[in-house]
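Okay, structure first, notes after.
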Amino acid sequence: MNIDLNRFKLNWRTLIKVSFPPSIICLIIFFTNYKFFGLPNVIIAPYMTLTFIRMKGYLTIEKNPIKPLFIHLIIGVVATIASLGWIHSLIIDFVATIILTYLLTDEYNPSSYFPYLMAFVFLQLFPARYNEIPMRLLSISYSYLIIFIGLKIFAPKMVTSKIRLLIREGYTNIAKQAELLSKENFSEIANFQFRLFDICKELNRLIYSGGKNKYYPFIIFFQHINNILGDLYDLRYITNSNKDYLRNLSSLFSNIYNLCENNKQDLISNEVLNFLNNNNFEDKDLNHYFTFILDYLVKGSIKVYNDKDSIIKTYFDFRENKEYFEKLNKYKFSLNEFKLRFSLRMGILLSVTFSFVRWSNLEKSYWIPMTVFLLTLPFYEDSKKRVKERFFGTLIGIVLASILFSIFRTHELHMIILIVSTFLMYSFIADYGIMTIYITCYALAISTLTIGSTEAILLRVLYTIASLLIVLFANRFIFRTKNYIELKNMIDRLIVLDEEMIKEFKNILNNDINREKLQLLVYSSYLVSGKLQMHNNPKSTAIEDTKIRSFIFNNNRFTTLLSHLCVILYDTKKKIDVEYINECIHILEDIISNMKNLNNSSEINHNKACKNISIINHQKDYFNIQMINCLSKAKESSDSLEDLMKTI
């Protein structure tokens, strides 16, 4: 085994910043629960700390902090009933695990189930009796209060602060792109284009998971500005007049960034309007596009910074903020979908392992279902990697713990080992292999409170090996789901969204527009794009990663531009070229059809007959020029997909 010692390196500032908040929360919950609610309730500390980390970080669990408490309380009752005997475990663990895993796994965030199911598993490790249920629920409520106070101290604005940081980074990115274009420094533009696209994806995930829907206009704005700056980069359309415009545009977004830094967002509209009054791009059509998207920024900023959520809405609005995405998801309750397959696999494993624990009553045998839960992930490759990390991390942790226990022999000193392990554990939370080393020390330090250190170490080795074998078997033979299959599914989902966007475009010809659906199609495209990247082969090369990014980047440029054309076509007062538009629609449909064939490995027809649009008599106006641009973006998306299919 080759160990990269650089993985262990952390400077003291990073150590404190990363580990201090969760470690303090964990230790407070651990010791106060032990003092006031008894030893069985110390097990609440690890999973409540994870809940704190998730809510503090970019993947918020819910849009309000009260709903998770009710879920945890329900889990507390169900876990108690499941712990009454091996028959209860066999039935209730199977049913409850499937329901919890399926309902709490977000399709665009496959790990969202984890804190809740961790609670269900851990509460069964130290089970409560019927008459102890009120005390357990009180302990859960108290622990949740601690993490709520911790959130107010360590992350007072939670997800909102991260959203605003990304928006500021977006402004800086635009300023830099405009500056580079004004200097005709084209070599670095592509990297900034991809980064702004990544910012949009990250924003979309934060807004989606946190229910901060009012920030969605910034995603649309950033993608549009990325499109137009990308067009200038592709066309190299930089005259002296345009250089002045771009320099002033760069200054505008630098000023907007400074306004945000000084909490003067209400002045953004004045800055933008002043810029529009004093600057015009040389090309009339591109100037129209710049004006459109900057006006969109003004309207979005006014809405965001004037719309304040009430306390009641923030804490007691339990409505699901994602139901409108589900209308576009086309998700089916089927064994072909990863959520159901994963839920069934997890249900089988936990019911069998917990039943064994209740039936055998072996010392520390609860380590088996705990380890099985931690290593069983939705996708085959991820779980296989986790097993390897757990194995080597546990071995190193056992060696380290053996040395420490031989030097520090008393229970009091073992508690110090527990405290130090807690800080180190949360310092390396992003590296599961390293984290496992300190998890092992932490678990063994707790175990020595009730059994000898030698016995604890031997049992840890035995149960870890047994758990690894169980997970490897289940991962291979019980409802296996591979990342490659899900990646193909997500490509298909993107293509379906493209088809839906084209349908909406066709509806405009009948004077019918659904603006909300147009926006949701763009937002959904970002969500699917993020998930698509998530399921790329972990062993993929940099070239393969670049091809995936290129495909989703080009596809999103097409989707955003087509939604823009929908609005323009609906709002135009001019007579439209119906024949021209219909022919463009036919071409788009042919391109999308070819993309579907590419993903399904069917025969591809690159030369499907259609009338050449250049021979159709049409006006040379802003809409028609952008329509040609849209066809070009669709073709680039198709070409990127074809290139991608050669590597995956």
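Backbone N, Cα and C define each Cβ position, glycine as well.
TrEMBL has this to say about the protein:
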- 354-473: domain 'Integral membrane bound transporter' (DOMAIN)
- 12-31: transmembrane segment (TRANSMEM)
- 37-57: transmembrane segment (TRANSMEM)
- 69-101: transmembrane segment (TRANSMEM)
- 137-155: transmembrane segment (TRANSMEM)
- 392-409: transmembrane segment (TRANSMEM)
- 415-445: transmembrane segment (TRANSMEM)
- 457-479: transmembrane segment (TRANSMEM)
Any contact, the transmembrane segment (37-57) to the transmembrane segment (392-409), with at least 3 Cβ pairs under 8 A: no
Per-state residue totals over the domain 'Integral membrane bound transporter' (354-473) - DSSP helix, strand, coil: 98 helix, 0 strand, 22 coil
Same-chain residues at least 6 beyond the ends of the transmembrane segment (137-155) whose Cβ lies under 8 Å from its Cβ atoms: 21, 24-25, 28-29, 32-33, 36-37, 41, 44-45, 48-49, 51-52, 55-56, 65, 68-69, 72-73, 76-77, 161
